[in-house]
Amino acid sequence: MASESDTEEFFDAPEDVHLEGGDPIGYPGKVGISALKETENSAYKVGNESTVQELKQDVSKKIIESIIEESQKVIQLEDDSLDSKGKGQSDQATASPVTAGTELSNIPGLLAIDQVLQEDSQKAESQDVSEETELESKQCFPSDDTCEKPVDETTKLTEISSTAQLNVPETVTEVLNKEEVEVKESDVLESASSHSLSTKDFAVVEEVAPAKPPRQLTPEPDIVASTKKPVPARPPPPANFPPPRPPPPSRPAPPPRKKKSELEFEALKTPDLDVPKENITSDTLLTTNMASESTVKDSQPSLDLASATSGDKIVTAQENGKAPDGQTIAGEVMGPQRPRSNSGRELTDEEILASVMIKNLDTGEEIPLSLAEEKLPTGINPLTLHIMRRTKEYVSNDAAQSDDEEKLQSQQTDTDGGRLKQKTTQLKKFLGKSVKRAKHLAEEYGERAVNKVKSVRDEVFHTDQDDPSSSDDEGMPYTRPVKFKAAHGFKGPYDFDQIKVVQDLSGEHMGAVWTMKFSHCGRLLASAGQDNVVRIWALKNAFDYFNNMRMKYNTEGRVSPSPSQESLNSSKSDTDTGVCSGTDEDPDDKNAPFRQRPFCKYKGHTADLLDLSWSKNYFLLSSSMDKTVRLWHISRRECLCCFQHIDFVTAIAFHPRDDRYFLSGSLDGKLRLWNIPDKKVALWNEVDGQTKLITAANFCQNGKYAVIGTYDGRCIFYDTEHLKYHTQIHVRSTRGRNKVGRKITGIEPLPGENKILVTSNDSRIRLYDLRDLSLSMKYKGYVNSSSQIKASFSHDFNYLVSGSEDKYVYIWSTYHDLSKFTSVRRDRNDFWEGIKAHNAVVTSAIFAPNPSLMLSLDVQSEKSEGNEKGEDAEVLETMPSGIMKTDNTEVLLSADFTGAIKVFINKRKNLS
C-alpha cells in the first residue's frame with residue numbers, strides 16, 4: 001500500500017505546479033473569445049469587488065486621471081479600425097449580451113496602452129523572459145503552436161497577452177521585490193480564470209465601462225501599467241498563492257513497510273548473529289561452570305538455561321496474530337473448535353470420525369474415518385510422513401521384491417546358467433562348485449522366513465514388542481559378517497567392503513526409530529521414534545563429564561521451576577538410568593564406543609517423534625506428531641518449554657549461529673521462526689500452492705537462508721532476516737515417472753561449497769548448486785518411495801549415507817573419483833556401496849561427526865580414569881570435526897523399523 005500512495009503523490013505534483021503558475025496554457029494565444037467565458041470572468045470580478053476597492057484606495061487620483069485621458073486618445077485613433085473586428089468577434093459567441101460586445105470593441109486600445117507603458121521593461125527583460133517561457137512551456141504545458149489561431153489584425157494583442165503571461169514567473173521568482181508584489185496580486189486573479197485571453201486584458205475592458213458600478217475596475221489596468229514605478233509597499237493579500245514548485249524529481253521506490261514482528265526480530269538481532277564460528281567452537285565441551293551457571297557473558301550468542309526456563313512453559317503458535325501481509329487472523333488464534341450439529345450440540349469423537357470419508361485410491365472404495373484403522377493398511381500415518389507402523393507385510397513385500405531384483409542382476413552376470421537357478425537350487429547344494437552360492441541363497445531365504453514370522457508375531461502379540469527380550473532375535477544376523485554389495489558395473493576398488501559392526505544398541509526402542517542426531521561435539525547421540533521417548537546415548541569416555549553436570553543440578557536445588565508429572569516420570573527414568581549405566585556395562589566389549597544403556601530418557605510427547613535438533617551448548621529440540629516441539633537440556637531431567645503448533649511438526653532446526661532461535665515446519669503449511677527467550681513466534685510465513693504440507697526444513701549458508709521441503713517436491717528458500725520468499729527449486733526429473741515432484745524428506749547443507757543435499761520419495765538424492773540452482777549430482781540406487789528417510793554427509797563431506805526400504809545402508813562418494821571412472825556422466829552417481837546388517841527397513845543412517853573420539857577407546861578410557869575429567873576431551877577437540885582427514889576411518893550408525901541401532905567402524909585403505 002505504501003508504494004501506491006507514493007505513486008499517487010508523484011503524479012499529483014505536476015498538477016499543483018500547473019495551478020500555481022498561472023493560466024492553464026492550453027489557450028495562451030487565442031483571440032476569438034466567447035461571451036460565455038466573458039460573463040464568467042465578469043461574475044468572478046464582481047465577487048472580488050472588495051479586493052479591487054482596496055487597490056483603488058492605494059492609488060492616487062492623479063495617476064488614474066492621467067492614464068484615463070491617454071487611453072481615451074488612443075481609443076479615438078484606433079476605434080474606427082478595430083470596431084468592426086471587435087463586433088464580428090462578439091457576434092460569433094452565442095448568447096452574448098450587448099454590453100459584452102461594447103467592451104470587446106475597446107480591447108485593442110486598452111492593450112495598446114499597456115504595450116506603450118511596458119515597452120521599456122520589455123526591452124530589458126525580453127531575453128530572460130523568453131527563456132523562462134520556453135522552459136515553462138516545455139516542462140509543464142503543451143506547445144503554443146498547437147492551440148494558437150493566427151489573426152492578422154490582433155498581432156499586438158497577441159504580443160501584449162504573451163508579455164502579460166511572461167511576467168508571471170518573473171514576479172514569482174522575485175518575491176522580495178516590492179514592485180513585484182502587485183503583479184503577484186494580479187496573478188491571483190489570472191490563476192482563477194480559464195479563458196483564452198489574459199485576465200488583465202479583461203480587467204481593462206470591464207473598468208472602461210462606467211455604466212456598471214459592480215465593474216468599476218478601471219484602476220486595475222493602471223496598476224498593471226505602473227508596476228514598474230515605485231509604489232508604497234503593502235502586505236500581500238491573504239489570497240496570495242505560494243510560488244510554484246518545480247516538478248518533483250524521480251525518486252526510488254521506498255522500502256516496504258516492516259511488520260511489528262519483523263522490527264522486534266531485528267531489535268533482538270544483536271551482533272551475535274555475526275559472531276565468527278571460531279569464537280564458539282562446536283567441538284569443545286562446555287566447562288562445568290558454563291553449564292551450571294549458564295552466564296550470558298560466556299554464551300551471549302547462544303541460548304542459556306536462565307532464558308530457556310523463564311516465562312511460559314507452554315507456548316502457542318499465535319504468530320503475533322497477524323498474517324504475512326499484516327492482516328489480523330482471528331480464527332487461527334482461537335484455535336480449532338469442535339464442530340456442532342444443526343441443533344447446536346457439539347459432536348462426539350465417534351460422530352466426527354464417522355462424518356469424514358476416506359477414499360482408497362487403489363480400489364476407489366470410500367469408508368468412514370472411524371473404520372479406516374481396520375480397513376486400511378495399518379502403520380501408515382495420516383499424512384504419509386513415515387512408513388508402516390505396526391505390520392511389516394508391505395515392507396516385507398517390497399524387500400522381497402528388491403531382493404528378487406538383486407538376484408536377477410546376479411543371475412545376469414552369472415555364467416553357469418542363471419535362469420535355471422531357481423529350479424536347481426536344491427541340487428546345487430550338493431555340488432562343490434556351488435556351495436558358496438547355496439549358502440548365500442539359504443541365508444537370503446532364511447532371513448525372509450524369519451521376517452515373515454516376526455511380522456505375524458508382532459500382529460498377533462503386538463504388546464510383546466515392549467519386552468526387551470524381543471530384541472534378542474535381532475542378534476542373529478550379527479553371528480556372521482556384515483553383508484556387502486555394490487552397484488552393477490562398479491568393479492571397485494571399494495571403500496566400505498571391510499566395514500564391521502562394533503556395537504548393537506537394540507532392546508531400548510520399542511518400535512521404529514525415525515530420527516537420530518549427533519551433538520555438535522560428537523559425544524552424544526539422540527534417537528527417537530515410535531515409542532514417544534527421546535533417548536540420549538553417551539560415549540564411554542564422556543559419560544562421567546555429563547553425569548557430573550547433571551548431578552550438579554540435582555544437588556543444587558533444581559534451578560528450574562516445578563516440574564510437571566511427566567517431568568517427574570522422566571526424572572525417575574533418568575536417575576535410574578544413571579545409576580544402572582555405570583554397572584551394566586560389558587567389560588569384555590571394549591570396542592563398543594557407547595554405553596549400552598542410554599544416558600537419559602526424555603518423556604513427555606504423546607505421539608511419534610519425527611525430528612531432533614541439537615544446539616552447540618547441549619540444548620535439544622524434539623518435534624512430534626502430537627503437534628508440539630519440546631525443549632530439553634542434557635543437564636536437566638524435565639522439559640524446559642513446550643511450543644504448540646496447529647498440526648504435525650515434521651522438521652525443526654536450531655539457527656546455526658544464534659541458537660536462541662529455531663525453525664519449525666508443520667503440516668499446516670507454515671514456517672515459523674521461534675524466539676526461545678521471549679517464548680513467541682518471531683517471524684513466520686506460509687507456503688503457497690495447493691499442497692501446503694511442509695515435510696522438511698533446515699538452514700543453509702550458515703543461517704542466511706531457511707529452506708523447506710514440501711509434499712509436492714518443492715524446495716523453497718526464505719531469507720532468515722525477514723523470512724521472505726527468495727526462490728525455489730522444483731525437485732523432479734525432466735521425464736519419466738519421476739517428472740512429477742515427490743515428497744521431500746530431507747535437506748542437508750554442504751558447508752563451504754554453497755550446495756544442499758535434497759532427499760525425496762522418488763528414490764533419488766540430488767545435490768544442488770545454490771549459485772545458479774543447477775543440479776550438480778544425482779545419486780540413485782536406494783529405495784525410498786514412502787518413508788521419511790533422509791541422506792547426510794560424512795564428517796569430511798567425502799561421502800553421503802542413507803537408509804533404504806530394502807534393509808540396506810547405501811553409501812556414495814560425494815564426487816566421482818576420476819581414477820576409478822573415466823567415461824561416466826559427471827552429474828550422475830550410480831556407483832553405490834551397500835551394507836546389510838538389519839532385517840527391517842533402515843529408517844535412519846548417519847556418520848559420526850568426530851570419529852576419532854570412538855577409536856582406541858580402551859586407551860582413552862585408561863587416560864580419562866587417571867586424569868581429570870575433561871582434560872583429555874579438550875585435547876581431542878583441538879581440531880575441528882570437519883577437517884579430520886588424517887586417518888581414513890569412518891564411524892557409521894544405522895537404525896531400523898524394529899528399533900535396533902547398529903554401530904559400524906570402517907577403516908579405509910590408505911589413499912595414494
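Even glycines carry a Cβ here, placed using N, Cα and C.
Swiss-Prot has this to say about the protein:
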COMPBIAS  1-14  compositional bias 'Acidic residues'
REGION    1-25  region 'Disordered'
MOTIF     9-15  motif 'FFAT-like motif'
MOD_RES   SER50  phosphoserine
MOD_RES   SER66  phosphoserine
REGION    79-104  region 'Disordered'
COMPBIAS  89-104  compositional bias 'Polar residues'
REGION    118-152  region 'Disordered'
MOD_RES   THR158  phosphothreonine
REGION    183-202  region 'Disordered'
REGION    207-279  region 'Disordered'
MOD_RES   THR218  phosphothreonine
COMPBIAS  232-255  compositional bias 'Pro residues'
MOD_RES   SER261  phosphoserine
MOD_RES   THR270  phosphothreonine
REGION    318-349  region 'Disordered'
MOD_RES   SER341  phosphoserine
MOD_RES   SER343  phosphoserine
REGION    396-422  region 'Disordered'
MOD_RES   SER402  phosphoserine
REGION    457-479  region 'Disordered'
COMPBIAS  466-475  compositional bias 'Acidic residues'
MOD_RES   SER471  phosphoserine
MOD_RES   TYR478  phosphotyrosine
REGION    556-592  region 'Disordered'
MOD_RES   SER564  phosphoserine
REPEAT    644-684  repeat 'WD 3'
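Annotated features taken from Swiss-Prot, shown on the structure.
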residue: SER66; record: phosphoserine; Cβ contacts under 8 Å, 6 or more apart: none
residue: SER341; record: phosphoserine; Cβ contacts under 8 Å, 6 or more apart: LEU347
residue: SER343; record: phosphoserine; Cβ contacts under 8 Å, 6 or more apart: none
Confidence summary (mean pLDDT) of the repeat 'WD 3' (644-684): 94
DSSP helix/strand/coil residue counts for the repeat 'WD 3' (644-684): 0 helix, 24 strand, 17 coil
Reduced DSSP assignment, SER341 (phosphoserine): coil
